[in-house]
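J.: Below is one structure. I have some questions about it.
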């Protein structure tokens, strides 16, 4: 019985491995098309179109930024103007405190930013609203100790409307004026310039808490003159060679008017 089982042919049993049979090649090489992750499905040696292309494929068209007027309403069109670091912003803030230098335009020429405009104006709005109420409280307590005092919420609305409106409308008006008169100007640079020019009023607001009226007027007029000089000296670089001195004078008096408005309304 054992010998019968041993002599059974194993080539027909299930699971057996047949012997390897060497056959002569017919001389024809059958090349299997190579499948690649770069192109799917395989083309089998024939051009069947581009097929599946990976993200790294050089043939993919690169998205181009919108150059028409619709790009003005796209958030992605303005992201490049917020690509600044802390050192750059601090350097520009310090430059705004030294108007005699007049080199601020050269600093923002390659990379004007809107971060300073948004940060300075928003900070100034809350500083004027808060410190304006504190100043009125101190002045009221100094004149009448028994008088009741309440927080004036309208300061926030007035501060937001005046500061945001001034920082957006005035540079835009100067931009279109210079464009109409044939001078080379840039709206983003103007917004950047006027935005940083308001930084000195944030510092002045701390000093305006001093309940001495003469000292308050001296502080706000000095701050207004420094801010106005900063704007006018840097604005000259855009009107060199043109007889547009009236715009320089207008920019100076607008900054002084803003300073007086801050004093009269928020620190009476």
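Here, residue 1 is simply the first one shown, and the rest follow in order.
Backbone N, Cα and C define each Cβ position, glycine as well.
Where the annotation comes from TrEMBL, it is an automatic prediction and has not been curated.
Pasting the relevant annotations from TrEMBL:
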type	residues	note
COMPBIAS	24-33	compositional bias 'Basic and acidic residues'
DOMAIN	102-261	domain 'Yip1'
REGION	24-68	region 'Disordered'
TRANSMEM	114-138	transmembrane segment
TRANSMEM	158-178	transmembrane segment
TRANSMEM	190-210	transmembrane segment
TRANSMEM	216-235	transmembrane segment
TRANSMEM	247-267	transmembrane segment
J.: Hey, which bits of the same chain come close to the transmembrane segment (114-138), Cβ under 8 Å, at least six residues off its ends?
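T.: Tertiary neighbours of the transmembrane segment (114-138) are 78, 81-82, 84, 89, 92-93, 149, 151-152, 155-156, 159-160, 163-164, 167, 188, 191-192, 194-196, 198-199, 201-202, 205-206, 208-209, 211, 262, 265-268.
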J.: Any residues 6+ beyond the ends of the transmembrane segment (190-210) with a Cβ under 8 Å from its own?
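T.: Counting only partners 6 or more residues beyond its ends, the transmembrane segment (190-210) has Cβ contacts under 8 Å with 92-93, 95-97, 104-105, 108, 112-114, 116-118, 120-121, 123-124, 127-128, 131, 134-135, 138, 163, 166-168, 170-172, 174-175, 216, 219-220, 223, 226-227, 230-231, 234-235, 255, 258-259, 262-263, 266-267.
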